[in-house]
């Protein structure tokens with residue numbers, strides 16, 4: 001019998017991915033995210049009976065830690081780190097609670113909740129331990145270990161990023177993946193024909209996770225992963241830059257992105273809550289980009305900008 005402590009955080013949905021990363025960094029063996037939007041936005045394709053869920057602006061994130069870790073001190077440390085993030089998102093309604101539980105082989109049992117998920121017409125995310133799933137037709141399998149960090153790749157912001165990559169990649173491109181997290185976007189770009197991919201993350205844990213996930217997939221030799229703060233100090237010119245991170249962070253990189261994107265190239269920005277989309281658009285347009293496509297799923301936005309002198313077909317052009 002394995003004993004575990006859990007820390008559950010209730011916080012605004014916008015902060016969910018950042019808090020998940022923080023909990024993993026603090027040593028969590030796994031993170032569970034309970035989000036009502038996952039049910040409300042779910043497309044019933046297989047006759048599933050889903051529970052009645054009331055819309056909420058909050059998510060509950062539960063992280064699991066071995067019992068021998070000092071949970072009281074750990075809770076205090078996590079609360080301190082969350083407080084330091086108040087400049088980036090609202091902490092209104094925040095709650096942090098702890099619990100003790102016993103579970104036989106918990107580290108394996110949680111895996112039953114993650115199943116293969118068809119994300120786009122051609123891309124399906126498959127847990128690394130699912131060996132019997134066979135691709136059909138043009139389907140390409142992205143293998144991930146979602147227990148390592150950063151979820152399963154099925155969040156609306158990730159889905160829209162994948163759709164955006166399908167829209168702009170034609171083959172042979174150089175791509176920069178900023179805030180790579182699980183590495184899912186880099187793997188997808190490889191499948192979609194990008195010739196050279198550079199993935200960056202400021203978090204060393206994310207760099208390790210991305211490397212491990214990328215190596216689960218074919219074509220990993222053309223993906224280069226390293227620690228870096230956004231695009232600071234990067235000189236590599238790219239046909240496409242993609243970033244799925246917080247809106248307040250995205251606006252810090254628009255000028256560097258414009259410097260690095262080749263003429264007629266694209267900047268894909270996702271992870272944007274609806275009420276901050278205009279802020280991101282203004283920042284990118286000020287840098288010199290034109291908004292070409294705006295995708296919306298629920299309260300999330302994904303924006304595709306183009307660096308071009310020809311405004312025909314561009315929003316506002």
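Cβ coordinates come from backbone N, Cα and C, glycine included.
Values in this document were obtained by computation on a predicted structure and should not be read as measured data.
What Swiss-Prot annotates here:
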BINDING   158, 179, 201, 244  S-adenosyl-L-methionine binding site
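Swiss-Prot feature annotations superimposed on the structure.
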residue : record                               : CB count, 10 Å
158     : S-adenosyl-L-methionine binding site : 26
179     : S-adenosyl-L-methionine binding site : 24
201     : S-adenosyl-L-methionine binding site : 27
244     : S-adenosyl-L-methionine binding site : 26
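Under DSSP, residue 201 (S-adenosyl-L-methionine binding site) is assigned to a strand (E or B) in the three-state scheme.
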